[in-house]
Amino acid sequence: MIALGVNIDHVATLRQARGTRYPDPVEAAFVAERAGADAITAHLREDRRHIVERDVEILSQTLRTRLNLEMAVEEGVLRVAERLSPSDCCLVPERRAELTTEGGLDVAGQLSRIKEACQRLAAAKVRVSLFVDPDPFQLEAAMETGAPVVELHTGRYANTADTATRAEELGQITSAASFADSLGLQVNAGHGLDYHNVQAVAAIPYIRELNIGHAIVAHAVFVGMATAVADMKRLMLEARG
């Protein structure tokens, strides 16, 4: 069985584009849950460009599934997570100029800082995952932090148009997933996955959960949120046979 985490950031982006109260990402989360989402992912960025604390507070109190809060290792957001104690937090790198998260955490390069954040979140009864590139060096460092989960960055696989390069990137993801599993880590994956490329990743047996946002919200513009979520979940389950 493979789980689907639906990222609702882009619903909030649409709301913030006009400074209105709608569309409400909280409502989108409820629709996604009813359509088969196993978790709801939201990124509370330091600059609060889309998801805001109000969203996280309501989601943490009302979701029937799980809230996976994406966040940088930044003091203000860490305090929010400690206070609200969502089911899961995924630590990600963050730069103000980026449109979306552009790569995995350099866990090995900032091991003590990330380890401290993991310990603080664990003390708040939050399960921590680390968003990392499919690199054995980073996976070994992730294990040293005490985080029980890693999320493999699938962006290079998803964004390349070259067939040979895509196959190579998929091989790296598969190898990394196997290695992380051998270390005792739960393996999730995400970034750039859509309705055309998701099945090859969903078929990797070591991967437990995929987090997908932009493709689902974009598809929802034409077919509605419930259908968009159900379509993605169906593709994932088909890939697992």
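Even glycines carry a Cβ here, placed using N, Cα and C.
Lifted from Swiss-Prot, the feature list:
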ACT_SITE  His43  active site, proton acceptor
ACT_SITE  Glu70  active site, proton acceptor
ACT_SITE  His191  active site, proton donor
BINDING   Asn7, Arg18, Gly192, Gly213, His214  3-amino-2-oxopropyl phosphate binding site
BINDING   Asp9, His10, Arg45, His50, Thr100  1-deoxy-D-xylulose 5-phosphate binding site
SITE      Glu151  site 'Transition state stabilizer'
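Feature map: annotations from Swiss-Prot on the structure.
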residue : record                                      : Cβ neighbours (10 Å)
Asn7    : 3-amino-2-oxopropyl phosphate binding site  : 26
Asp9    : 1-deoxy-D-xylulose 5-phosphate binding site : 21
His43   : active site, proton acceptor                : 24
Arg45   : 1-deoxy-D-xylulose 5-phosphate binding site : 20
His50   : 1-deoxy-D-xylulose 5-phosphate binding site : 21
Glu70   : active site, proton acceptor                : 27
His191  : active site, proton donor                   : 26
Gly192  : 3-amino-2-oxopropyl phosphate binding site  : 18
Gly213  : 3-amino-2-oxopropyl phosphate binding site  : 23
His214  : 3-amino-2-oxopropyl phosphate binding site  : 16
(message) Using only C-alpha positions, which one of Arg18, His43, His214 is spatially nearest His191 (active site, proton donor)? These are the recorded positions in the record.
(response) His214
(request) Compare the C-alpha of His43 (active site, proton acceptor) with the C-alpha of each of the recorded positions Asn7, Asp9, Glu70, Gly192, and give the closest one. (result) Glu70
(request) Would you kindly give the Cα-Cα distance separating Glu151 (site 'Transition state stabilizer') and Arg45 (1-deoxy-D-xylulose 5-phosphate binding site), rounded to the nearest Å? (result) 18
(request) Report the same-chain neighbours of Glu151 (site 'Transition state stabilizer'): residues 6+ apart in sequence with Cβ closer than 8 Å to its Cβ, ordered by sequence. (result) Cys90, Ser129, Leu130, Phe131, Val132, Asn188, Ala189, Gly190, Asn211
(message) Using the alpha carbons only, what distance in Å do you get between Glu70 (active site, proton acceptor) and Gly192 (3-amino-2-oxopropyl phosphate binding site) once rounded?
(response) 16
(message) Say we define neighbours as other CB atoms within 10 Å of the CB. Which of the binding-site residues His10, Arg18 has the fewest?
(response) Arg18
